[in-house]
Amino acid sequence: MYQDLIRNELNEAAETLANFLKDEANIHAIQRAAVLLADSFKAGGKVLSCGNGGSHCDAMHFAEELTGRYRENRPGYPAIAISDVSHISCVGNDFGYDHIFSRYVEAVGREGDVLLGISTSGNSGNVIKAIEAARAKGMKVITLTGKDGGKMAGTADVEIRVPHFGYADRIQEIHIKVIHILIQLIEKEMVKA
């Protein structure tokens, strides 16, 4: 009944991943991002992560697997997803939705910390403002984007972009793979400490 649809969806997902893998710059960007994060942790820094919708879930997933565990038991790493509902509703109400992440970065971000901003379009105003706040604090910035990078293109120390122009879910599927690989590489880097 739906076998063709299922095959088409899985084939499109595989094709999106294959296209991402073709560009060697993506492999290097993932490695640079992992080393940047591990270096921050080794120096006493932390990572703040943010995004909207499914990207917000990815930001929380990233922080959870750093503070908790991924595949192996190891010490937790300092990671905070900007996901506190009371903060988001307060700032959204009092300052506007575009400020929900930047206010948090202004409050707890420090020089030497890292911001991971996730946006499939690269045009999320609240993530862009968080990047600006992170820069003002002397933080490093990593972005996970899609399509042409949108307004976030060129704003990060490391941008990992999925150049897919279809639905956002295909971009998110690559983002979660990248997040898992980042955690794996961070764990390897932290053992070197």
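Cβ atoms here come from the backbone N, Cα and C positions, even for glycine.
As the structure is a computational prediction, the values presented were derived from the model and not from experiment.
Residues or ranges marked as domain 'SIS' by Swiss-Prot: 37-193. If you look up Swiss-Prot, you'll see Asn52, Gly53, Gly54, Glu65, Asn93, Asp94, Ser119, Thr120, Ser121, Ser124, Gln172 marked as substrate binding site. Under the heading Zn(2+) binding site, Swiss-Prot lists His61, Glu65, Gln172, His180.
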Cβ atoms near His180 (Zn(2+) binding site) (within 10 Å, other residues, all chains): 15
Nearest of the binding-site residues (His61, Glu65, His180) to Ser119 (substrate binding site) - Cα to Cα: His61
Close in space, distant in sequence - Asn93 (substrate binding site), Cβ under 8 Å, 6 or more apart: none
Residue pair Gly54 (substrate binding site), Glu65 (Zn(2+) binding site) - Cα distance, angstrom, rounded: 16
His180 (Zn(2+) binding site) and Ser121 (substrate binding site), Cα-Cα, nearest whole angstrom: 21
Rounded distance in angstrom between the Cα atoms of Glu65 (Zn(2+) binding site) and Asn52 (substrate binding site): 19
Cβ neighbours within the same chain of Gln172 (substrate binding site) - under 8 Å, at least six residues apart: Gly54, Ser55, Asp58, Thr120
